[in-house]
Amino acid sequence: MDMETSWRFLRSVCLLSFILGSFSVYQTLCLVDAQEDAIVTLQVDASNVTRRPIPETLFGIFFEEINHAGAGGLWAELVSNRGFEAGGQIIPSNIWPWSIIGDESSIYVVTDRSSCFERNKIALRMEVLCDSNSCPLGGVGVYNPGYWGMNIEEGKKYKVVLYVRSTGDIDVSVSFTSSNGSVTLASENIIALASDLLNWTKKEMLLEANGTDNGARLQFTTTKKGSIWFDQVSAMPMDTYKGHGFRNDLFQMMVDLKPRFIRFPGGCFVEGDWLGNAFRWKETVRAWEERPGHYGDVWKYWTDDGLGHFEFFQLAEDLGASPIWVFNNGISHNDQVETKNVMPFVQEAIDGIEFARGDSNSTWGSVRAAMGHPEPFELKYVAVGNEDCFKSYYRGNYLEFYNAIKKAYPDIKIISNCDASAKPLDHPADYFDYHIYTLARDLFSKSHDFDNTPRNGPKAFVSEYAVNKADAKNGNLLAALGEAAFLLGLEKNSDIVEMVSYAPLFVNTNDRRWIPDAIVFNSSHLYGTPSYWVQHFFTESSGATLLNSTLKGKTSSVEASAISFQTNGKDYIQIKAVNFGEQSVNLKVAVTGLMAKFYGSKKKVLTSASVMDENSFSNPNMIVPQESLLEMTEQEDLMFVLPPHSFSSFDLLTESENVIKMPISDSYKKTSTM
């Protein structure tokens with residue numbers, strides 16, 4: 001081959017390579033463009049023919065005493081084991097978390113059964129062996145660190161109550177101090193003669209903090225020799241919600257979800273591992289000093305039951321939410337009461353309803369009235385047990401409760417533990433309870449599980465749902481997206497699903513019995529997990545109108561819904577969509593059946609750089625909804641971009657004579673979030 005021929009051949013090869021390479025790049029670019037331009041269409045029918053009202057009760061909350069959600073959490077009592085009963089009734093008993101200040105040569109501390117409270121006989125006796133000349137500087141005594149440290153804030157006031165008696169004169173310093181006692185944040189002395197303390201005497205004081213410490217403790221110290229008894233010690237911040245005892249910041253986190261109901265007090269907390277440790281409402285009412293408290297053996301900690309039957313109903317009222325009371329039906333995790341012997345439990349349930357609904361002259365209504373609430377609470381729903389359907393005596397016991405309650409209170413709606421989503425129940429019920437905990441991908445796929453549930457039976461109450469397996473970690477974006485898709489499915493099936501709540505609601509970071517949870521807190525700080533923020537996307541859903549919608553295109557990673565709602569006299573169509581995939585998705589929204597223009601749009605997006613990202617105390621707002629305003633263009637269809645691994649909502653302001661306007665009851669007025 002000569003030189004010229006060689007150059008021609010080489011040029012041909014280069015040209016061919018360039019053409020083939022260009023074609024390959026072109027194909028790649030076309031593929032990328034195709035991916036970027038791929039459109040998923042949500043067809044929305046806004047006409048009156050297909051619209052359907054969403055139940056007023058659809059989204060609520062479930063409060064269980066787990067993870068120190070109440071004791072050391074929502075219930076603002078700072079003292080743990082305030083009556084010294086946690087160590088049991090055999091004396092001498094363990095006084096944990098109380099600790100002694102001083103050594104064995106200067107003080108001796110022991111429990112005895114000398115209390116003036118018949119249901120709480122344990123008291124603390126403090127034998128002071130030293131005097132002002134021999135006691136260590138600052139004196140000797142006892143201290144209580146509360147629940148992993150008390151949050152004492154400068155300028156705030158705290159009410160301290162205690163019962164005391166003595167065989168001699170006393171001079172006791174009652175103080176909030178730093179965790180090691182070296183810094184005094186607030187203090188007052190109890191000075192009394194022996195003649196004034198021969199019998200148990202109640203002492204109250206208001207301490208104002210001159211410093212801040214979120215790991216503080218309450219301590220009693222003295223340098224006066226003698227015997228002193230203490231019992232029923234309480235320390236409460238004065239700024240609880242309406243003075244009702246609820247920690248303000250945690251209460252506000254619940255309020256912001258606009259819950260339409262609150263299910264309480266459990267959960268497994270209601271059952272107990274053994275019936276002897278189950279929650280029994282009658283032991284949680286009347287004055288707090290008279291409540292014996294109990295050991296919750298499922299979640300392995302003591303509760304003084306300051307957050308009791310009365311307080312739960314007060315909480316529901318303060319939230320503007322319907323109470324759903326779950327009571328024990330004679331069944332725990334490990335033992336059961338046979339149906340022939342269950343009537344005492346039935347009577348306890350009837351009495352519990354009377355406590356809430358009875359007039360102030362009734363037996364149990366008078367107890368409620370004496371506690372400061374003469375008017376009855378609203379109670380429309382009760383649940384017979386928790387997750388007990390497959391226990392051998394459940395159905396027999398359930399029928400005893402059902403018949404007795406319907407006879408006494410025919411309007412009350414009764415919730416069965418048995419799942420009717422796949423097959424009919426074999427017993428009467430107004431609602432059936434449905435619980436699901438699973439992987440994120442699995443929960444995403446279950447968004448259509450209620451599509452084929454029979455509509456002629458009891459309604460569904462999805463009272464516990466969450467992604468809680470390994471891929472959820474402590475509460476990440478991945479878990480939240482799976483839950484968001486599931487909730488969209490429940491919203492679209494709200495003709496059968498009438499109530500929904502996440503579980504668990506709270507976790508004290510010092511006692512993570514169950515993870516993940518919606519709200520994480522310690523003594524002074526808190527944050528919402530992505531699962532909490534997902535629920536914010538549904539605050540307008542209860543009582544709104546569901547619009548018939550259909551997704552078309554490659555929708556394996558997308559779920560969406562459409563509703564209309566009204567707030568402050570303005571009408572909105574809200575589009576919500578989950579993108580569970582790794583690529584952005586273009587969402588075209590085509591609305592028919594509505595002669596209206598969209599005058600504005602508010603976009604809200606929940607996403608993060610990594611699907612495994614979590615919020616934390618150091619970065620509590622890493623994953624929170626980001627809101628922005630969108631300008632609307634003059635076009636028939638709407639186009640939105642769904643970022644990878646995201647949950648988005650679009651509130652479209654409409655204006656037309658034909659716009660959907662749903663009446664809103666006085667009890668469910670909506671406030672603007674614009």
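Every residue gets a Cβ built from N, Cα and C, even glycine.
Here is what Swiss-Prot records for this protein:
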CARBOHYD  Asn48  N-linked glycosylation site
CARBOHYD  Asn180  N-linked glycosylation site
CARBOHYD  Asn199  N-linked glycosylation site
CARBOHYD  Asn210  N-linked glycosylation site
CARBOHYD  Asn361  N-linked glycosylation site
CARBOHYD  Asn522  N-linked glycosylation site
CARBOHYD  Asn548  N-linked glycosylation site
SIGNAL    1-24  signal peptide
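Features as recorded by Swiss-Prot, highlighted on the structure.
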residue	record	contacts (Cβ under 8 Å, 6+ apart)
Asn180	N-linked glycosylation site	none
Asn199	N-linked glycosylation site	Cys116, Arg165
Asn210	N-linked glycosylation site	Glu154, Leu185, Ala186
Asn361	N-linked glycosylation site	none
Asn522	N-linked glycosylation site	Trp148, Gly149, Asn214, Asn508, Thr509, Asn510, Phe617
Asn548	N-linked glycosylation site	Val44, Asp45, Thr50, Arg51, Arg52, Ala562
Local backbone state of Asn522 (N-linked glycosylation site), from DSSP in three classes: coil
Asn48 (N-linked glycosylation site) CB neighbourhood, other CB atoms within 10 A: 11
Mapped DSSP class for Asn48 (N-linked glycosylation site), helix or strand or coil: coil
Coarse DSSP state, helix versus strand versus coil, of Asn180 (N-linked glycosylation site): coil
